[in-house]
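Colleague: Structure incoming, see below.
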Amino acid sequence: MQSKQITRITPADGTPAPKVGFVSLGCPKALVDSEQILTQLRAEGYETAKSYDGADLVIVNTCGFIDAAVQESLDAIGEALAENGKVIVTGCLGAKKDKDGDDIIQKVHPKVLAVTGPHAVGEVMAQVHTHLPKPHEPFIDLLPPQGIKLTPKHYAYLKISEGCNHRCSFCIIPSMRGDLVSRPIAELMLEAENLFKAGVKELLVISQDTSAYGVDVKFRSGFWNGRPVKTHMTQLTQALGELAKQYGAWVRLHYVYPYPHVDEIIPMMGDGHILPYLDVPLQHAHPDVLKRMKRPASGEKNLERILKWREMNPDLVIRSTFIAGFPGETEAEFEYLLDFLKEAQIDRLGCFAYSPVEGATANELPNPVPDEVREERRGRVMLLQEEISRNRLKAKVGKTVKVLIDELTPSGAVGRSAADAPEIDGVVHVKRPFDPKKKLAVGQFYDVEITTADAHDLWGEAQ
Ligand code: SF4
């Protein structure tokens, strides 16, 4: 995802405020970093510019996860240098070295003013102050309390921690972002409250490992609304659910590893504020592959756990991602994965053919799977998933589901139900109501009767 935007504030003495262009690439965690930098820029009185030539300086927030993302980031930096010339780079790629241990960005683009790693608001701001001194009189009161968001007004991401304590063999995120650092629970609750007050109707909880929230601070207690609340996933979820209820909003949980304490979250989904939706990145099902991947919770009985969750809440929707063709994956191990998928009936699934990431320890594993076999296996997973998804969505026809509208269209609107996270899942196409007095509006909830389904999306009529 890429967004470019530019912001404007004029100090009281009439001096035009310096303008910063911003290019944001990468995952929702990177997006939150971008929001924090933009919030800080705005707090200090900087403007954001709408074009490269209208900016005094450009910040590029990069992604370094897979090779395609690295290339996209390097291209974006090149474009900003060509169009503007004054460029500060931040984000995951900023922390990445090449085989010789040299900084990748400095090597390809030696003209950039500065490079920082991810989650480095302070460092980025220090570089901005050096290369574009801050306005004389900051207009702190112009800053909205919820900060600056790059998402639409009605949904927002809440990043609860940074970094990761695991060392999955295919991943280099811990080497780029460091070990887990949980944000204080009171700070998170305040941010969530400000977002709800500002009109957010769906809060998406993200991190590298949501189930591990608080491990680094030994689950210490913070205070919220005059009562102690532990820095722990279950207490955070409960507190967010209570807050969301006051504002009639949704909370959606991402990157949840299937540890036993996740069982305690399922009963919280009963009243529809903590959504009956879990994004559980499983990556594989065969125990030997999971061991080679060094996955967290690989010893847990994932299938049993999923079936138990479904028994506790039959409406539960599970999203997951898988890797096909991981080094050493045999045909038998792959078929084990297919059998698991048939049993687990994952609602929303992404599958990637294994792609080596520079610096990942998985690259040294023996018996790499040939490229064409990886692709062929990915195709087989997606074919099976299409059938599973089609059947699961078909079962919704005739039912009425609550839908949050994302955008209006000539024939009505496009929205999402509890089963659909923005950007990654399907959508619900909502027909304009017959009654002209009943209007569909972005950021509002509607009861929608489902009339049609395919393998990804639903269609229905607002009641
Ligand atoms: S859990 Fe594994 S894949 Fe996820 S960030 Fe941590 S090391 Fe990477």
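Cβ coordinates are placed from backbone N, Cα and C, and glycine is handled just like the others.
Annotations for this protein, taken from TrEMBL, read as follows:
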DOMAIN    18-133  domain 'MTTase N-terminal'
BINDING   Cys27, Cys63, Cys92  [4Fe-4S] cluster 1 binding site
DOMAIN    150-391  domain 'Radical SAM core'
BINDING   Cys164, Cys168, Cys171  [4Fe-4S] cluster 2 binding site
DOMAIN    394-463  domain 'TRAM'
Colleague: For the binding-site residues Cys27, Cys92, Cys164, Cys168, which residues place their CB under 6 A from an atom of ligand 1?
Modeller: Cys164, Cys168
Colleague: Given the recorded [4Fe-4S] cluster 1 site (Cys27, Cys63, Cys92), which additional residues of the same chain have their Cβ within 8 Å of the Cβ centre, ordered by sequence?
Modeller: Leu25, Gly26, Lys29, Ala30, Thr62, Gly64, Phe65, Ala69, Gly91, Leu93, Pro118
Colleague: Name them in sequence order: residues not among Cys164, Cys168, Cys171 whose Cβ is within 8 Å of the mean position of the Cβ atoms defining the [4Fe-4S] cluster 2 site.
Modeller: His166, Arg167, Phe170, Ile172, Ile173, Pro174, Gln208
Colleague: Quick one: give me the count of other CB atoms within 10 A of the CB of Cys168 ([4Fe-4S] cluster 2 binding site).
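Modeller: If we count other Cβ atoms within 10 Å of Cys168 ([4Fe-4S] cluster 2 binding site), we arrive at 21.
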Colleague: Using a 10 Å cut-off, grab the number of neighbouring Cβ atoms around the Cβ of Cys63 ([4Fe-4S] cluster 1 binding site), all chains included.
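Modeller: For Cys63 ([4Fe-4S] cluster 1 binding site), the 10 Å Cβ neighbour count is 23.
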Colleague: Taking the Cβ of each of the binding-site residues and counting other Cβ atoms inside 10 Å, which one has the highest number: Cys92, Cys164?
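Modeller: Checking each of Cys92, Cys164, the winner is Cys92.
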Colleague: Which secondary structure state does DSSP assign to Cys92 ([4Fe-4S] cluster 1 binding site), in the simple three-class scheme?
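Modeller: Its secondary structure by DSSP: helix.
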Colleague: Over the domain 'TRAM' (394-463), what does the predicted model average in pLDDT?
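Modeller: Taking every residue in the domain 'TRAM' (394-463) and averaging pLDDT yields 94.
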Colleague: To see if you understand the setup: which same-chain residues, six or more apart in sequence, place their Cβ under 8 Å from that of Cys27 ([4Fe-4S] cluster 1 binding site)?
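Modeller: The list for Cys27 ([4Fe-4S] cluster 1 binding site) reads Cys63, Phe65, given in order along the sequence.
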Colleague: Which residue counts does DSSP give the domain 'MTTase N-terminal' (18-133) for helix, strand and coil?
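Modeller: Summed by class, the stretch gives 53 helix, 24 strand, 39 coil.
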Colleague: Which numbers of helix, strand and coil residues does DSSP report for the domain 'TRAM' (394-463)?
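Modeller: DSSP composition of the domain 'TRAM' (394-463): 1 helix, 33 strand, 36 coil.
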Colleague: Could you round the CA separation between Cys92 ([4Fe-4S] cluster 1 binding site) and Cys171 ([4Fe-4S] cluster 2 binding site) to a whole angstrom and send it over?
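Modeller: Cα of Cys92 ([4Fe-4S] cluster 1 binding site) to Cα of Cys171 ([4Fe-4S] cluster 2 binding site) measures 12 Å after rounding.
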